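Q: According to TrEMBL, the protein has these features:
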DOMAIN    27-310  domain 'AB hydrolase-1'
ACT_SITE  Ser104  active site
ACT_SITE  Asp129  active site
REGION    203-228  region 'Disordered'
COMPBIAS  203-213  compositional bias 'Acidic residues'
COMPBIAS  216-228  compositional bias 'Basic and acidic residues'
ACT_SITE  His297  active site
Amino acid sequence: MEDVEVENETGKDTFRVYKSGSEGPVLLLLHGGGHSALSWAVFTAAIISRVQCRIVALDLRGHGETKVKNSEDLSAETMAKDVGNVVEAMYGDLPPPIMLIGHSMGGAIAVHTASSNLVPSLLGLCMIDVVEGTAMDALNSMQNFLRGRPKTFKSLENAIEWSVKSGQIRNLESARVSMVGQVKQCEGITSPEGSKSIVEGIIEEEEEDEEGSESVNKRKKEDDMETKKDHPYTWRIELAKTEKYWDGWFRGLSNLFLSCPIPKLLLLAGVDRLDKDLTIGQMQGKFQMQVLPQCGHAVHEDAPDKVAEAVATFLIRHRFAEPIGGFQCVFPGC
């Protein structure tokens, strides 16, 4: 674990990274929206046992333990610049060979980073379960999905249990680490709007005259405090408030991915996710693709060994890394 300081116009931003391994290329891992670098923990153990590589998993701004001046700016351009700035702060003018690997939102940010040439030593690019066509189609239902999640949890164990039972993460081992980076202990009441969202459904709408409104507010605050005592954990980031950035993450992503002049890997939970541009690109051999069935959206958490095997094979095929521990490549058909 390391906190990397990045200087900018408004002062210093601090980015949390988690590292493993001591030699070989750096796999720079970017998590999905609402997740954190800890979502890569089990995958990390799997990949470093197969190939010689170094892992750097980054908490993107607004997520995990990263602390930035403007945590609400989650534009693709800003987050891509963050990745480049963290690489420069860690390695200076001579960064080691780096492969960018990103899941969902992190996959989109990886592509934006690569296409803007923000990592000079980039040797490979991997997107995990993110495709422009299906992502854009899913945006319409995303708010409904977020509204359907619990607002708070009684305990960290309760949050972990929900993540597995709901299918968000299908691997208990990964959920135990990953959810630590997704939820936090509730802070003090900040505003009526914020507190109402935490106890939504508990406070009944009441019609009061002006004289009675003060007692209503007092009762709401008391209800909020009671709810927070009973349910002291909530999400670290309110994803619903990031909606204005969603389009910018994913629009034009397929062509950006295809235009990156480096070896590319696309890992999907289902072949039905492919859009037209990527289907054509795949038929033209512009990137390597592998479908990992029986996985949810968090492919690298649900099947960390399979994802590690695919990434290790990709690295060895392109002679980016050396196998260790007798690892045998399994070259997929596509």
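A Cβ is built for glycine as well, from the same backbone N, Cα and C atoms used for every other residue.
Predicted automatically and left uncurated, TrEMBL annotations should be read as such.
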Q: Measure the Cβ-based neighbour count of Ser104 (active site), defined as the other Cβ atoms within 10 Å of its Cβ.
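A: Taking every protein chain into account, the count is 23.
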Q: Quick check for the class: what is the C-alpha distance, in angstrom and rounded, between Ser104 (active site) and Asp129 (active site)?
A: 6
Q: Which of Asp129, His297 has the fewest nearby Cβ atoms, counting only those within 10 Å, among these active-site residues?
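A: With the active-site residues Asp129, His297, fewest surrounding Cβ atoms within 10 Å: His297.
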Q: Could you round the CA separation between Asp129 (active site) and His297 (active site) to a whole angstrom and send it over?
A: 6
Q: Restricting to the domain 'AB hydrolase-1' (27-310), report the mean pLDDT as a whole number.
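A: Here the mean pLDDT over the domain 'AB hydrolase-1' (27-310) amounts to 87.
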